[in-house]
Amino acid sequence: MSSVIFFGRKLEHFCSKSRSKLACFNRSFFHVLVFKANPVWVQLVYFIVVSLLGFGALNMSKPEPYSSMPKSIDVYFTSVSATTVSSMSTVEMEVFSNTQLIIMTILMLVGGEVFTSMLGLQLARSRFKKHGSPEGDSVNSNSHEIELGTITNEKPSTDLESNINSSSTKSLKYKATRYLGYVVLGYLLVVHVVGSSLVSMYVSLVPSARKILESKGIEIQTFSFFTVVSTFANCGFVPTNENMVVFKENSGLLLLLIPQILLGNTLYPACLRASIWVLGKMTKKVEFNYILENYKEMGYGHLRSGVRCALLAATVVGFISVQLVLFCSMEWNSEGLNGLSSYQKFVGSLFEVMNSRHTGESIVDLSTISSAILVLFVVMMYLPPYTSFIPTKYQERESRKGGKSEAAGKSMFSQLSYLAIFIILICITERQKLKEDPLNFNVLNITIEVISAYGNVGFSTGYSCKRRLGGEMGCTDSWAGFVGRWSNSGKLVLIVVMFFGRLKSFTLKSGKAWKLS
């Protein structure tokens, strides 16, 4: 408490001496942001501001030649979709120029979970600087107090020793937080540099892949970096209209992207812990051991114990295996995989099922696959990325260690309740189309779209003019998502769903006030 009061007095002194009221305001705003604001609101404001900046940048940039600029609601929808790494689309991707694709790449990068968590680490370091001195200032101040006689003579050596130990722990924790920030930054850079280089090399050397980009006027470097950033951030945007359908025969490219899916999402905690362990062995730095042994105290939500990481990896492999078996058994001879060799079908099927959590890139038209697989994908999209099977004995051990989130359980409704509300709202906004075009506008397709937006996945059944009961007159098929045919009100509801889904980690334990018996 005294440190907060001291900081407040310093702030008042700064404001009184400062000639610039703007500098004082900025200092006060940063203090509120770091020390007072709820993390939920901080992240919500962050995503809204970034999406608005992206909207402005996309609007000021010119689209592709011979393409008209999408409506403002569609441009903002695209900006929100990229920022929340949802990849829900209301327009075709090839409408956007190279400059606009670069803007979307930046939005996906700064909206990705790894990048935003790195910013959170920097805020944690700022808090630590204010609340605890990493350089041993508390020890020096106590030494001065002893010299001035302001501390009583009752066990002075014990008190000083305790302060020294406390200061040493704070210093180690501060350094460990700094090292962790460096590891996350290095992880981010290495994956993107290596990944984009490999994809660029593959596209340059394989004629079939290169011809696809040349025919569409997409630069190889833009495609490579855009796709790797999108895949690692688990967004799912691809610069082509057809997503990855046009590359379903390029098994090498799909195999290059599969590790990006895992490294940036479901296996990020396991890979991060492995990276820290390797660096600790190589450098012999005590800070890395401190991070591994005190992962909860670090305040970084992606750090897990070794056991939890192993269980998480096993669960991920289990989910992928179940999906792969079912998908291959039901879709092996389907229209989407027609014309592929057995090897290409297997790699394509593996790529497809891995994208259901939570990337959303696809090599098939989802509207053509069986309903059973669609329902399976809905379940996978709903599950949080770090869902894992934990035996009872490990659950008891984790509960004894504590560490509950402050935001847990504060929301009145569960996540399923909110999703049901969103689906009902969209059924209301699109009620006329549900009557006139029931084969396209049905509850299953709307549910898939909502769950996909909530899971920040990007899977969509699309829209087909052939399924219209009134005939194809005046209807043009496009590769835009199903939401592209919704009313503006329906699109605004889905924008809210994307923001809600991006912040779902704060409401995982909500709705506990309701009892069913």
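Keep in mind that glycine also has a Cβ here, set from the backbone N, Cα and C atoms.
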Transmembrane segment range according to TrEMBL, out of 270-288, 441-459: 441-459
Contact set, same chain, for the transmembrane segment (40-61): CB under 8 Å, 6 or more residues outside the stretch: 33, 69, 72, 75-76, 78-80, 82-84, 96-97, 99-100, 103-104, 106-107, 110-111, 116, 119, 407, 499, 502-503, 506
Tertiary contacts of the transmembrane segment (479-500), as residues 6+ beyond its ends and Cβ separation under 8 Å: 44, 47-48, 73-74, 76-77, 80-81, 84, 86, 88-93, 241-243, 418, 422, 425-426, 429-430, 433, 440-441, 445, 448-450, 453-454, 456, 458, 460-463
Positions whose Cβ lies under 8 angstroms from the transmembrane segment (363-383), at least six residues beyond its ends: 243-245, 247-248, 254, 319, 323, 326-327, 330-331, 334-337, 348, 351-352, 356-357, 419, 444, 447-448, 451-452, 454-455, 457, 459-462, 464
